[in-house]
Amino acid sequence: MTLASQIASDLLDIKAVYLKPEEPFTWASGIKSPIYTDNRITLSYPETRTLIENGFVKKIKEEFPEVEVIAGTATAGIPHGAIIADKMNLPFAYIRSKPKDHGAGNQIEGRVVKGEKMVVVEDLISTGGSVLDAVAAAEREGADVIGVVAIFTYELPKAEKNFAEAGVKLVTLSNYTELIKVAKVKGYITADGLRLLKKFKENQETWQD
């Protein structure tokens, strides 16, 4: 079993991911979605957590060997980022969604040295907007962001476009395509459910038509 399929399997088993193609969820953006993900739950399962952190370390060493500092997005990327930084013996910082409105008004907590090569850790990629905002904030502080890593991506075309336009490399441990394949094999969804889930990936607006 590949890392992507093992993580997909774990996410389903611990109910970090719910699939309900026949009774869709409504995302904050208003999109009706057959999938809902809460990767924070992975922190409560040591075996899954270890699988994820070891996967991150392996991917970062392969894809970004020149990394000098790990940063997590607030709040979901913080615990994973801190564990990764510890495993790799690297400095750690975290990036707020917006600057503090008191004190020094920091958006980045931790010391970032100008020009340091940074990898940003996120738990989930939908459109990529929030993590790319974090990347921009880190770069304003002088970091050289060489990439983003995440546990899971919905593989939405908008995310692909956003990362391409930002010129930021994205590496994920698992993805939507792998997850729905594993879900069908493990009996989490029916053949008709799989069809709807594939349609959602193709077009998030018309998949229910």
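Using N, Cα and C of the backbone, Cβ positions are placed for all residues, glycine too.
Quick look at what Swiss-Prot lists:
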BINDING   Arg96, Lys100, His102, Glu122, Asp123, Leu124, Ile125, Ser126, Thr127, Gly128, Gly129, Ser130  5-phospho-alpha-D-ribose 1-diphosphate binding site
BINDING   Ser126  orotate binding site
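Mapped onto this structure are the features recorded in Swiss-Prot.
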{"residue": "Arg96", "record": "5-phospho-alpha-D-ribose 1-diphosphate binding site", "Cβ neighbours (10 Å)": "15"}
{"residue": "Asp123", "record": "5-phospho-alpha-D-ribose 1-diphosphate binding site", "Cβ neighbours (10 Å)": "25"}
{"residue": "Ile125", "record": "5-phospho-alpha-D-ribose 1-diphosphate binding site", "Cβ neighbours (10 Å)": "27"}
{"residue": "Ser126", "record": "orotate binding site", "Cβ neighbours (10 Å)": "21"}
{"residue": "Thr127", "record": "5-phospho-alpha-D-ribose 1-diphosphate binding site", "Cβ neighbours (10 Å)": "18"}
{"residue": "Gly129", "record": "5-phospho-alpha-D-ribose 1-diphosphate binding site", "Cβ neighbours (10 Å)": "13"}
Tell me, by DSSP, whether Arg96 (5-phospho-alpha-D-ribose 1-diphosphate binding site) is helix, strand or coil? coil
What whole-number Å value do you get for the CA-CA distance of Arg96 (5-phospho-alpha-D-ribose 1-diphosphate binding site) and Ser126 (orotate binding site)? 18
